[in-house]
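> Here's a structure for you.
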Amino acid sequence: MLKVYILSEAGKNVGFGHLMRMMGIYQAFETKNIIPTFIINGDQSVEEYLKDIDYKVFNWLDERDRLYNMIKDADIAIIDSYLADEIIYENISKLVKLPVYYDDNNRIEYPEGVIVNGNIYAKELDYPKKTGRIYLLGLEYLPLRKEFWDVPEKKVREKVETIMVTFGGDDSRNMTPKVLKILADNHPHVKKNVIIGKGFNNIKEIEEASDENTALIYFPDAQKMKEVMIESDIAISAGGQTLYELARVGVPTIAVIVAENQLGNVTNFLCKNLIYHSEFYNDLNLNKNIKKSVFDLFEYEKRARLNIMLGNQLDGLGQNRLIEHLMEICG
């Protein structure tokens, strides 16, 4: 049986997007009766997301000898990090049979191995063509959590009944109460499904912005997230991994860019007419523009058109294609 390790980072300071997509890869290996070991540089908030997972939490960027001793002679090691330096990649590449580097923006010059980028814009990046490097790029390799592998066809309602608000696992820009206030002031009769992540520090402010038609959903697992998305007619979301899950379900979405690394995602979604509107979290006209965009999406035809466009993008099989390739390379 293949010995597989997945290295990533997650927590209140770095978010949970890396963890979510690596979870999809972990679960895909499980379908082949291969149980990877997750090694996470994170805090206690990650444990909520790791039920029924074989994992270890420690700062593998600092405790490098401990990491190297654990993964040496592994068949596959997958690294998904914004923080790891080139030295750690070089060392891992020498210790394991097949090193795999999950990238978002051509962050560093990777050593020999497999470079994976499942983002919508991946093929537009100028990756160096070097010997010993295999590139798996684009949405066909996008990993999703298993709950999003198979989704029902989304019904587009004539009238908007429910709006979802989701800003990741930590809401680092304090967007949730701001957006919720806009919705409560302008759409008191519409149900608001508001996702509260484990890393939120603004729950009291969110509760104060709520109205009688607000449902606060605390620390939902992937199945609950999927159910909320299926129920919702519109979503207002950050521009990270959740954007892909919303696309898979077919939810017309307004995206708010809350981190620089979300710009590529959101820009390409917008250019391909896969989201209705995008904003930077600090835009001076944020409130006005979100208010207008929500009103626009009350129009059935706009939501129906977005739903059709989204239905042609993701088949939910990216993680399966990815691990099939990796297992084939491993022999």
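Backbone N, Cα and C define each Cβ position, glycine as well.
All annotation found in TrEMBL is predicted automatically rather than curated by experts.
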> Given that TrEMBL assigns Phe16, Gly17, Arg145 to the substrate site, pick the one from Glu227, Glu231, Glu245 that the record assigns to that site as well.
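TrEMBL lists Phe16, Gly17, Arg145 binding substrate, and from Glu227, Glu231, Glu245 it also lists Glu245.
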> If you pair up every Cα among Phe16, Gly17, Arg145, Glu245, the residues annotated as binding substrate, what's the maximum separation in angstrom, rounded to an integer?
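It comes out at 14 Å between the most distant Cα atoms.
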> Round to a whole number and give the Cα-to-Cα distance in Å for the pair Glu245 (substrate binding site) and His18 (active site, proton acceptor).
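His18 (active site, proton acceptor) has its Cα 14 Å from the Cα of Glu245 (substrate binding site).
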> Relative to the mean position of the Cβ atoms of Phe16, Gly17, Arg145, Glu245, the recorded substrate site, which additional same-chain residues have Cβ within 8 Å?
Leu19, Met20, Arg21, Met23, Ala222, Gly240, Gln241, Thr242
> Are there any residues at least 6 positions away along the chain from Gly17 (substrate binding site) with a Cβ closer than 8 Å to its Cβ? List them or say none.
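Correct list: Gly168, Gly240, Gln241, Thr242.
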> Can you check which residues sit near Arg145 (substrate binding site), meaning Cβ under 8 Å from its Cβ, same chain, 6 or more apart in sequence, and list them in order?
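Set apart from Arg145 (substrate binding site) by at least 6 residues yet with Cβ under 8 Å, we have Met20, Met23, Gly24, Gln27, Ala222, Glu245.
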